[in-house]
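Undergrad: Below are the structure tokens for one structure; questions will follow.
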2 protein chains.
Amino acid sequence: MAYQGGYPQQYGAGGGGGGYAQHPAAAYGGGYGGYAPPPQQPPVSPEIQNIFRNIDKDNTGRINNRELQQALINGRGDHFSDTACNLMINMFDRNKSGTVDIYDFERLYNYINQWLQVFKNFDRDASGHIEENELTQALTQMGFRFSPAFIQFLITKNDPINRKEISVDQFIVTCIQIQRFTDTFRVRDTEQKGVITITFEDFLGIALSMCS
Amino acid sequence: MAYQGGYPQQYGAGGGGGGYAQHPAAAYGGGYGGYAPPPQQPPVSPEIQNIFRNIDKDNTGRINNRELQQALINGRGDHFSDTACNLMINMFDRNKSGTVDIYDFERLYNYINQWLQVFKNFDRDASGHIEENELTQALTQMGFRFSPAFIQFLITKNDPINRKEISVDQFIVTCIQIQRFTDTFRVRDTEQKGVITITFEDFLGIALSMCS
């Protein structure tokens with residue numbers, strides 16, 4: 001009831017307290033939507049150039065989902081999921097080709113690293129996974145106030161075989177999706193009551209827009 | 001207002017008029033959710049065995065997303081999307097491994113063929129794609145009553161480069177997602193007004209459940 005129905009007022013705005021300014025939400029806000037390339041591309045660092053060349057196995061000058069997946073390994077030794085790579089590529093892919101060039105990649109690379117840093121901060125036992133209490137802390141620090149049942153749902157959704165933990169790529173996807181859905185909800189929750197009234201067509205439109 | 005807020009009363013129940021009984025929604029209703037294998041598997045036809053062997057390139061006895069993608073081509077000559085193959089495999093994958101065995105595959109195969117038949121029926125000019133007026137007719141016959149703006153949104157979502165048409169795999173994904181979201185909406189729309197009131201956490205839960 002109080003506290004904007006469980007979601008943070010300023011989330012994604014890049015300001016505010018609680019470790020906020022450094023959160024990838026800031027990069028997210030910039031990279032997704034009205035992202036415009038600078039008139040003149042700044043030079044890409046030699047480090048990024050090297051990484052890009054190593055990932056761009058077919059030397060097309062663009063990195064696709066599969067190449068990114070091959071390059072990213074989570075704490076279980078598995079490649080990042082299709083969903084995670086698709087989601088992130090689509091955020092930085094300026095020409096909507098499903099691939100990123102070296103300039104897109106530089107931003108994508110920085111974005112992933114920011115998320116990895118967030119993940120490490122919350123993975124307090126350095127297990128390489130986020131457990132229930134760590135996820136609760138992470139979301140609370142991001143400004144959300146979810147019920148224990150909802151946190152449990154997030155874990156179970158990501159971990160059907162009951163390991164009770166989520167991997168770094170699942171954590172990134174979960175956080176990005178929560179951010180997006182929160183933004184979508186908030187614009188309709190004009191009185192900030194945490195409750196909205198929605199028509200069938202609007203509901204379908206939101207749901208279909210959010211799913212790839 | 002009338003007509004259950006734009007969505008069909010019996011959709012997915014497998015009964016009713018308007019070409020309903022033969023619609024894949026019936027198979028969908030059976031395959032998704034409470035799908036239980038028969039105590040003794042019935043024999044798989046030689047035709048399906050042959051098709052299965054051809055698709056199962058690595059001879060693991062299970063077909064994964066990539067193998068299914070390789071086997072399915074849409075009217076543009078492109079492989080079915082990741083999303084389409086994931087969605088369909090997940091509907092028939094009894095052990096939640098992200099792959100289907102030959103028994104799962106037989107049902108999946110029949111299900112895809114039912115959808116292909118539906119698609120052909122609505123692709124009246126046999127272009128291999130569904131255009132706006134054909135999509136309107138298809139959804140109307142399925143019992144939905146969407147605004148022209150919503151149909152336009154469905155086309156644009158699937159066709160960002162403005163070909164104003166959707167492919168067969170996009171059609172299947174769109175219909176399955178609309179079915180799922182409609183079911184989700186309907187259980188909350190107890191008075192069948194086409195409008196629901198929903199809390200932030202419920203909204204998030206629905207949205208996250210529906211997105212892979």
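We number each residue from 1, going along the chain as drawn.
Using N, Cα and C of the backbone, Cβ positions are placed for all residues, glycine too.
These came from TrEMBL, pasted as-is:
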| type | residues | note |
| --- | --- | --- |
| DOMAIN | A:43-78 | domain 'EF-hand' |
| DOMAIN | A:110-145 | domain 'EF-hand' |
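I'm curious about the neighbourhood of these features; can you describe it?
TA: Residues 84-86, 88-89, 97-103, 105-106, 109, 112, 127-129, 167-170 of the same chain lie 6 or more positions beyond the ends of the domain 'EF-hand' (A:43-78) yet place their CB under 8 Å from a CB of it.
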Undergrad: Pull the DSSP breakdown for the domain 'EF-hand' (A:110-145) and write it out as helix, strand, coil residue counts.
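TA: Breakdown, helix to coil: 23 helix, 2 strand, 11 coil.
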Undergrad: What are the DSSP helix, strand and coil residue counts for the domain 'EF-hand' (A:43-78)?
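TA: For that range the per-state counts are 17 helix, 3 strand, 16 coil.
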Undergrad: On average, what pLDDT score does this prediction assign to the domain 'EF-hand' (A:43-78)?
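TA: Its mean pLDDT is 93.
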